[in-house]
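**Student:** Quick one: the structure is below, questions incoming.
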Amino acid sequence: MTNSVEMLLIGRFTIGVAAAITYTVHPIYLLEISPTHLRGSAAVFTSIGVTGGIFVGQIFSLQQVFGTEDLWEFALSFYTVFVVVSFLPVYWYPESPRWLYLMRQDEPAARKELERLRGKNSDECVNTEIADMKELVAYASNEKIGFLAVVKNPEYLLPLVICCSFPLCQQLSGINAIFFYSVRIFMKGGFSLKIATWMNFGAGFLNLVFASVSPILVQKFGRRPLMMFSAGGCGISLFGMAFALNYIDRVSWLPILCIAFIASFIFSFNVGLAPVPYFVGAELFEVESRSVAMSMGNFFSWSGNFMIGMFFPMLEAIWGSYAFLPCAAMCLYCFLLTWRYLPETRGKDVADVKPIMAKGFRSKVH
C-alpha cells in the first residue's frame, strides 16, 4: 500500500470530505450547546483542535519519530486513532437544544438536553434559554433555506460576504505559507537544516500555546477588536518579514528580526484570524440558513488553502520574499472589512445582529 498512489489519493479525498464536514458542523455544534456568555470561548476550541492537530503532525513527521522513508505511512495512519477516540462516545453526545427547538419544535427534548448540559440546579438558566428560543422562533422559518435562497436574499449579502471572506483571509494571510516553507525561511536566516527543522517544531509549539489563550481573549475583548488587531498585526509582520528576508544576507541581525516577525505573526494570527472565522458565520445566520452559510465559508477556506499551496511557490520563485506582500494585502482587506462592516456579536443572538446588517453594504454596524 505504501507504493499505491491510488490509495493515497482515495485516502486524501476521504479525509478531505470528513474535514469539510467537521469544520462546518463542529463550531455550529459548540455554539448551539453553549450558554450565550460562553459561546465565543467554546467555539474557539475548533481552532485549538486544528492547531493541536498540526502540532501532533509536526511531532510525527520528525525524523526521530515517523519522518523517514520507511515509516511515513504510520504518521498518516495514526489519524485513525483520533477518529476512533472521538467516535466511541458519540452516543453520549447531547443533541443541540436549539436545533431540537427551532427545527423539530420539540420543546421537551430541548429542555432535557439543556438540563444535561447545564447540570443540577439549573432550572432558572434552562427556563431563560427556552424563553430566548421562543423569541427566536419569530425569526426562524422552521425549514432549512437552500443555497439559492441564501444567495439571492439581500439581507444575507453582508453576513455572507463576511462569512466567506474571513475564512479566505485566514488561509491567504500566509499562515500556511509560513508553516509550509518555514524551514526554508529559517535556513535563509543562516541556520542548518537540522536546527531549522527544530525551529519549525518550536514555531508549531508556539502556535499551540498562543491558540490555547484565545478562548480567554475572545471572551474578554470580543470578536471585532480581536479581528482588527489580528489582521493588522499579521499584515505588519508579513510586510516586515518580506523586506527583512530580502536583505537578510546583508545585515547580521536580520535573521533574528525575521524570527521575531514570525513569532509576532503567529501570535497575531491566533488571537483573531485563527478562531473567529470558524464560528462567526454561526453568529450571523439563523439556524435554518446557518449550514449553507458555514458550508460556503468552508469552501472559501479550502479554496484559499489550495491557492496558497498552488501559487505561493510560483510567486516566491518570481518575487522572492516579496511573495508575502499579497498575503499582507489580504490582511489589510480583512482589517478594513472588519472595521467597516462587522458588528460585535459577543453575548448577542442572531435576532439582535440581523437587523443591523440587513441593509447590506449600506449598513451602519457601529
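Cβ coordinates come from backbone N, Cα and C, glycine included.
Sharing the features that TrEMBL gives for it:
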{"type": "DOMAIN", "residues": "1-346", "note": "domain 'Major facilitator superfamily (MFS) profile'"}
{"type": "TRANSMEM", "residues": "12-31", "note": "transmembrane segment"}
{"type": "TRANSMEM", "residues": "43-62", "note": "transmembrane segment"}
{"type": "TRANSMEM", "residues": "74-94", "note": "transmembrane segment"}
{"type": "TRANSMEM", "residues": "156-183", "note": "transmembrane segment"}
{"type": "TRANSMEM", "residues": "195-218", "note": "transmembrane segment"}
{"type": "TRANSMEM", "residues": "225-248", "note": "transmembrane segment"}
{"type": "TRANSMEM", "residues": "254-280", "note": "transmembrane segment"}
{"type": "TRANSMEM", "residues": "318-339", "note": "transmembrane segment"}
**Student:** Could you check if the transmembrane segment (43-62) is in contact with the transmembrane segment (225-248), meaning 3+ Cβ pairs under 8 Å among residue pairs at least 6 apart in sequence?
**Tutor:** no
**Student:** Looking only at residues six or more beyond either end of the transmembrane segment (318-339), which have a C-beta under 8 A from one in the stretch?
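**Tutor:** For the transmembrane segment (318-339), the sequence-distant neighbours (Cβ-Cβ under 8 Å, at least 6 residues beyond its ends) are 161-162, 165-166, 168-169, 172-174, 177, 224, 227-228, 231-232, 234-236, 238-239, 241-246, 273, 312.
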**Student:** Looking only at residues six or more beyond either end of the transmembrane segment (225-248), which have a C-beta under 8 A from one in the stretch?
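**Tutor:** Sequence-remote neighbours of the transmembrane segment (225-248) are 166, 169, 173-174, 185, 188-190, 217-218, 254-255, 257-258, 261-262, 264-265, 267-274, 276, 320-325, 327-329, 331-332, 334-335, 338-339, 342.
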**Student:** Do you know the mean pLDDT across the domain 'Major facilitator superfamily (MFS) profile' (1-346)?
**Tutor:** 87
